[in-house]
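These features come from TrEMBL:
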DOMAIN    24-304  domain 'Gcp-like'
BINDING   HIS111, HIS115, ASP298  Fe cation binding site
BINDING   LEU134, VAL135, SER136, GLY137, GLY138, ASP167, GLY180, GLU184, ASN270  substrate binding site
Amino acid sequence: MRVLGIETSCDETGVAIYCTREGLLAHAVHSQVALHARYGGVVPELASRDHVRKLAPMINGVLADAGLDRRQLDGVAYTRGPGLVGALLVGAGVARSLAWGLDIPALGVHHMEAHLLAPMLEARKPAYPFVALLVSGGHTMLVLVAGLGRYRLLGQSVDDAAGEAFDKTAKLLQLPYPGGPALERLARDGDPTRFRFPRPMTDRPGLDLSFSGLKTYTRNTVLREGDDAAADIARAFQDAVVDTLAIKCRRALEQTGVKGLVVSGGVGANRALRERLGEVAAQAGAETYYPRFELCTDNGAMVAHAGALRLEAGEQSGPAFDVVARWPLETLEPPVAA
Ligand code: ATP
Ligand code: MG
Ligand code: FE
């Protein structure tokens, strides 16, 4: 089954074609980073308008890359939520119209389910059950995954997401938006022994996380130490985030006894985090699984893939479509044939 996937939940336009027999056939991502950079964050209306401009040519582009005619598609998957409503509506509208015109099924996909299943796009795939650490710009959660649509939330951030903390800290350090990759680069030159930042919520049991206090701690350090400490501060901040996530992942593996740890979402591209989680998993006799770097952040491949798994099981959305800004992952269910 060949499925076109469309991602427009935020500031990336992602389009891809995934085949359930042959794997990923083509994918393209257009990042709006330059468009929003001077505002220091995503401007929703600008995001929607840019998706309108980019989607149709990008769909034609991936069809050409895959050597396919649109009539060779068997389904269309689009991100239904969570995300920016205006941006989501652009993808949903295009996806539904295309599916209607081609008389093929369409399905609205959960953005975090798509992130969570993205490591399955790789040759080395995780097997169920596994623990998933979802670390992105808007979410930080630990989920026990028993199968497609069978998700139990083990813990989550009670305030800021890890990616959001990276972005805000980067802004404090006057790094360009989005801050995660820039902060990681700066931290490489930092002295790991100069500062030690707190590891929030690691001294009490449970798998919930918190990153807003760490951000405040970082701000106070920046104000006290001045600009020449930037690399050391970046290093201390990153070490604290990585250490906190590692402690919680170790606990989640111990608590569930599963042998697979899946890491997905933009912060999963962080090399220090990958290295540390590799050690944690090895100590627990478990293995880590990641999407390739470019599929950690938002992309159409993960949407095409998650949609294809559900469409192939017979699930589809009705012709009337809706999008949702908020949509808890735990409310998802295994696919139900229409
Ligand atoms: P969500 O998926 O929760 O809706 P999102 O789609 O905005 O949020 P992603 O695209 O998955 O999030 O990831 C973007 C986030 O990942 C940003 O906060 C960015 O700073 C962070 N990020 C990307 N690369 C790195 C890195 N190398 N180190 C740390 N953080 C990173
Ligand atoms: Mg983004
Ligand atoms: Fe995302």
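Just so you know, the numbers here start at 1 and follow the chain as drawn.
Here the Cβ of each residue, glycine as well, is placed from N, Cα and C on the backbone.
Unlike curated records, TrEMBL annotations are generated automatically.
Taking the features listed in TrEMBL, we show where each one sits on the structure.
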| residue | record | DSSP (3 states) |
| --- | --- | --- |
| HIS111 | Fe cation binding site | helix |
| LEU134 | substrate binding site | strand |
| GLY180 | substrate binding site | helix |
| ASN270 | substrate binding site | coil |
| ASP298 | Fe cation binding site | coil |
Distance in Å spanning the most remote Cα pair of LEU134, VAL135, SER136, GLY137, GLY138, ASP167, GLY180, GLU184, ASN270, given for substrate: 18
Integer Å distance between the CA atoms belonging to LEU134 (substrate binding site) and HIS115 (Fe cation binding site): 7
Binding-site residues: SER136, GLY138 - member with fewest neighbouring CB atoms within 10 Å: GLY138
Per-residue Cβ crowding (10 Å cut-off), top of binding-site residues HIS111, HIS115: HIS115
Contacting binding-site residues, sequence order - HIS111, HIS115, SER136, GLY138, GLY180, ASN270 vs ligand 2, Cβ under 6 Å: none
Predicted model, mean pLDDT over the domain 'Gcp-like' (24-304): 97
Residues that sit under 8 angstroms from ASN270 (substrate binding site) by C-beta distance, when 6+ apart in the chain: GLY180, GLU184, GLN238, VAL242
Spatial neighbours of ASP298 (Fe cation binding site) that are distant in sequence (at least 6 apart) but have CB under 8 A: GLU7, SER9, CYS10, ASP11, GLU12, GLY14, VAL29, HIS111, GLY266
Chain-internal residues, separated by at least six, CB under 8 A from LEU134 (substrate binding site): MET112, HIS115, LEU116, THR140, MET141, LEU142, VAL143, SER264, GLY265
Contacting binding-site residues, sequence order - LEU134, GLY138, GLY180, ASN270, ASP298 vs ligand 3, Cβ under 6 Å: ASP298
Among LEU134, GLY180, ASN270, the binding-site residues whose C-beta sits under 6 Å from ligand 1: GLY180, ASN270
Count of other CB atoms lying within 10 Å of the CB belonging to GLY180 (substrate binding site): 26
Listed in sequence order, residues not in HIS111, HIS115, ASP298 with Cβ within 8 Å of the centre of the Fe cation site Cβ atoms: GLU7, SER9, THR79, MET112, ALA114, SER136, GLY265, ASN299, MET302, VAL303
